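To keep things clear, I will list the structure first and then write my remarks on it.
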Amino acid sequence: MLGMSRAGLAERWTLFVGALLSVALGVALVQSSLLLLISAAQQSSDDAAVPMLGIVLGGAVFLAGFVISSTFAFTVDQRRRDLALLRLVGGSRRQVRRLLLGEAVLLGLGGAAIGVPAGLGVMAVQTWLMRRFEFVPPAFTGEWRMWILGVSVGTGVALAVAGVLVAARRAARVRPLEALRESGPAARVMTAGRWVAGLFFFGGALALVIVAPHGGPAGGQAMAMNVAMPAAVAVVAFGPLLVPVLARLVPFGGGVLGSLARANVRDARRRSASVAAPLIVLIALVVGNTGAGESFTASGVDEMARSTHADFVVEGTVPARPGVATVSAETSLDAQVVTGSGEDQETTDVTALVIDPRAYAVVHGTSVDVHGQAVARGPGGEVSTSGSVRVRLPGADLGELPVVASVPEMMSGGASLLLPPGLVPAAALAQAPTRSFVALAPGADASAVRADLARYGPVFTAGDWLRADAEQRNSTNDKVMLVVLGLGGLYALIGVINSIVIGAATRRREFAEARVTGLTRGQVVRSALLEAYAVTGAALLLGTVAASAAFFAVLATTSAVTGSATLKLPWPLFAAVAAVALTVTGVTSLITSLSATRRPPVTLLAARE
Amino acid sequence: MTMTPAAVALHGVSRTFGRGPSAVTAVDDVTLDFPRGGWTAVMGPSGSGKSTLLHCAAGLERVDTGRVLLGSTDLTSAGDAELTTLRRTRIGFVFQSFNLIGALTAEQNVALPLRLAGKRPSRSVVRATLDAVGLADRARHKPRELSGGQQQRVAIARAMVTRPEVLFADEPTGALDSTAARTVLDLLRAMADAGQSIVMVTHDPGAAARADSVVFLRDGRVVDRLAGADARGVADRLAAWER
Ligand SMILES: Nc1ncnc2c1ncn2[C@@H]1O[C@H](COP(=O)(O)OP(=O)(O)OP(=O)(O)O)[C@@H](O)[C@H]1O
Ligand SMILES: [Mg+2]
């Protein structure tokens with residue numbers, strides 16, 4: 001069987017380049033993310049680096065699994081006739097399965113052989129990105145471990161074998177008679193597995209959309225950010241039903257080429273769906289998650305703007321001044337909250353604000369009644385609203401303190417603990433930064449007061465400060481998105497290219513037939529291009545549908561948390577992704593169909609296999 | 001029971017495709033013996049159910065009613081594993097479109113059924129089989145480097161390498177010119193003379209005349225049977241039934 005595997009791979013190499021590339025890239029990404037994660041966990045670096053790398057690693061495994069299994073399923077589907085032939089001359093179901101698994105192992109090993117060195121390149125890029133965005137100090141380096149070789153080879157083989165398992169089971173049920181039909185009754189595309197997976201992930205996405213508004217600001221945001229993935233998988237599962245229907249809505253123009261392209265999209269549902277799948281995931285993840293992130297930021301800014309009743313924000317401590325009605329001076333401290341004891345003891349890093357409760361209430365529009373030996377739960381959440389907490393500050397252990405009050409959690413987060421004055425020793429306060437929210441007295445001269453306040457630190461109008469604060473938050477958000485989604489997006493695009501290349505490799509004969517029927521080479525190429533555009537259009541639409549599921553969760557969550565539903569759609573990003581998708585599918589389709597029609601049609605039609 | 005039991009026997013076999021008003025009964029209550037050691041040709045108009053009959057007889061197609069016996073083995077009640085084993089050991093196929101595996105050389109294609117059966121085919125057996133179809137010098141060529149007639153002869157060698165009880169052929173000369181077709185028919189004749197049971201579907205009266213007997217099919221039913229006729233006789237009978 002291994003001999004057959006090898007011979008098969010050598011003969012149909014164009015069919016397998018895609019599968020090999022997707023395994024190699026999967027190995028490279030997983031290896032690089034894993035090495036960086038371990039390096040980051042050992043070298044002391046920014047707290048954000050480890051969780052972010054965790055997300056990247058998870059995303060890499062998900063995408064690798066997804067792209068590899070869909071690529072394999074597609075290559076197996078394209079070879080149904082070969083496999084039927086094997087059955088016809090006496091191959092058993094087990095042998096068909098073993099053949100495909102053998103191929104998968106070879107592809108896994110080959111993919112690892114390419115992926116390990118490629119992983120070093122990926123690691124250099126990822127390290128550069130992370131240094132650039134200050135997730136890690138400039139001196140940070142990803143360290144090579146010898147054992148990663150074993151992990152990478154194992155990853156390659158495991159990904160490839162897992163990817164082919166379902167397809168192999170399906171292929172083993174190919175009937176021998178299918179070898180005798182030139183274009184057999186296309187295998188049923190909406191398999192039971194697709195229905196189950198589609199409904200399962202649809203249910204998952206729906207559950208997240210329903211539960212997110214009840215998850216509070218932090219939980220709700222986390223859930224909403226996780227809607228796009230299952231929604232995309234559900235849409236992809238129903239792809240063979242949806243893609244051809246939508247693709248036919250794309251205006252092809254009249255004429256013979258348009259109708260040929262339309263017929264091809266309808267006839268090759270499997271191929272259309274398999275080109276669309278990675279695009280759907282790409283759009284859903286990038287547009288859905290970026291849109292959700294931006295919307296939450298916008299919602300947080302609106303909420304802050306509505307609840308902040310200050311005229312100026314001063315980065316410094318402002319005493320009582322003429323023309324000033326209220327000053328809420330807030331000193332920010334890095335605190336640790338300790339919960340539990342003994343084995344179960346857990347420490348959480350939070351931000352604590354030392355406030356004047358009366359002034360805080362006036363400026364932030366929410367009463368907070370805390371004094372003496374007690375704390376209040378701040379807008380950042382993370383601490384329970386009752387009971388007691390043990391608070392540690394750098395250089396001072398405040399001991400067990402009751403939580404006597406709380407302010408509503410805010411979309412944009414903030415401090416988790418509000419401490420009354422007098423609780424914190426002066427020594428601990430000495431180095432901590434203080435920000436003052438200043439409300440003017442009625443009738444005061446704003447510019448005169450502003451000039452006066454400048455003595456205590458940089459002065460901003462409240463509006464400017466909120467915008468700057470949001471922009472800063474947003475840019476951290478964008479950076480994370482860029483690192484996490486950038487590589488994933490690239491991977492999804494490679495999945496698209498794979499599908500088109502595999503599709504074209506098996507279309508030589510079809511193209512040749514079209515040409516002997518009287519189409520010129522140019523017409524064949526143009527019709528393939530039209531088809532690619534129709535499928536891409538359908539994929540963009542379906543990706544948007546999946547992304548919309550995330551947007552529903554965003555609307556419901558922002559409405560529940562802040563009282564006003566907010567949605568900010570990332571139109572420029574969507575336009576950019578759509579342009580990239582159309583360019584990639586267009587160019588790939590052009591190159592592959594040109595190369596598939598390079599030889600004169602007769603040479604192709606003469607060979608009967 | 002006759003003296004020599006049939007190689008393949010069909011008892012009341014029917015096969016209908018589709019349902020409702022669009023249903024097509026491709027094989028309609030056929031009872032038929034294909035004699036052991038004989039070459040039987042199946043003729044009939046296009047769409048008369050010849051291929052379906054052949055597929056049912058070879059256990060490739062499920063039957064709706066009736067029984068198919070290969071020797072004394074009931075194909076209609078055999079499971080997938082048993083049918084697979086039968087294809088490896090007791091049945092050989094040749095088809096109009098040669099259905100060789102493009103990735104493998106002629107030699108490897110011929111050796112394939114043996115390897116699938118878990119045997120290590122000796123080179124001499126494979127070479128001898130290729131030699132029997134006159135292609136010993138093309139052993140290392142891939143299918144696309146062979147002419148149509150040569151590809152069909154490789155397919156015959158592949159079917160014969162397991163020494164099957166019955167060779168099923170569906171229009172084996174359908175895609176060949178008259179010279180290549182004659183080579184293939186000569187080969188089948190020699191095999192039949194050596195005692196091989198052959199069931200062959202064909203459109204060509206000339207090809208049918210090389211067989212020992214001819215069965216005529218129309219609308220899924222056996223309408224006639226002719227033994228030892230020449231091409232002329234077969235053509236006349238066919239013309240009569242096609243009218
Ligand atoms: N898989 C199938 N599904 C539906 N109908 C079928 C199928 N196979 C055969 N038929 C129908 O059964 C009838 C007999 O077909 P069959 O292929 O056996 O004819 P044939 O005699 O071999 O014709 P030809 O000489 O053209 O090859 C036809 O009407 C055909 O349309
Ligand atoms: Mg036929």
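Positions of Cβ are set from backbone N, Cα and C atoms, glycine also.
Where the annotation comes from TrEMBL, it is an automatic prediction and has not been curated.
Record features (TrEMBL):
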{"type": "DOMAIN", "residues": "A:55-174", "note": "domain 'ABC3 transporter permease C-terminal'"}
{"type": "DOMAIN", "residues": "A:484-601", "note": "domain 'ABC3 transporter permease C-terminal'"}
{"type": "TRANSMEM", "residues": "A:53-77", "note": "transmembrane segment"}
{"type": "TRANSMEM", "residues": "A:98-124", "note": "transmembrane segment"}
{"type": "TRANSMEM", "residues": "A:144-168", "note": "transmembrane segment"}
{"type": "TRANSMEM", "residues": "A:189-212", "note": "transmembrane segment"}
{"type": "TRANSMEM", "residues": "A:232-261", "note": "transmembrane segment"}
{"type": "TRANSMEM", "residues": "A:273-292", "note": "transmembrane segment"}
{"type": "TRANSMEM", "residues": "A:480-505", "note": "transmembrane segment"}
{"type": "TRANSMEM", "residues": "A:532-557", "note": "transmembrane segment"}
{"type": "TRANSMEM", "residues": "A:569-591", "note": "transmembrane segment"}
Remote residues contacting the transmembrane segment (A:144-168) - C-beta distance under 8 A, at least 6 residues beyond either end: 19, 23-24, 26-27, 30-31, 34-35, 38, 64-65, 68-69, 71-73, 76-77, 96-97, 100-101, 103-105, 107-109, 111-112, 115-116, 119-120, 193
Residue numbers, six or more beyond the limits of the transmembrane segment (A:189-212), whose CB comes under 8 Å of its CB atoms: 166, 170, 219-220, 223-224, 226-227, 230-231, 233-234, 237-238, 240-241, 269-270, 273, 549, 552-553, 556-557
Beyond the flanks of the transmembrane segment (A:53-77) by at least 6 residues, Cβ under 8 Å: 15-16, 18-19, 22-23, 25-27, 29-30, 33-34, 36-37, 40, 83, 100, 104, 126, 159-160, 162-164, 166-168, 170-171, 187, 229, 233, 236, 270-271, 274, 277-278, 281, 483-484, 487-488, 491-492, 494-495, 498-499, 502-503
Positions on the same chain near the transmembrane segment (A:98-124), where near means CB under 8 A and six or more residues out: 1-2, 4-6, 8-9, 16, 19-32, 35-36, 72, 76, 83, 86, 91, 142, 144, 149, 152-153, 155-161, 163-165, 167-168, 171, 487
Surrounding residues of the transmembrane segment (A:232-261) on its own chain - C-beta under 8 Å, 6+ positions past either end: 66, 70, 189-190, 194-195, 197-202, 204-205, 269-270, 272-274, 276-277, 280-281, 284-285, 288, 514, 519, 523, 526-528, 530-531, 533-535, 537-539, 541-543, 545-546
Residue distribution over DSSP helix, strand and coil in the domain 'ABC3 transporter permease C-terminal' (A:484-601): 100 helix, 0 strand, 18 coil
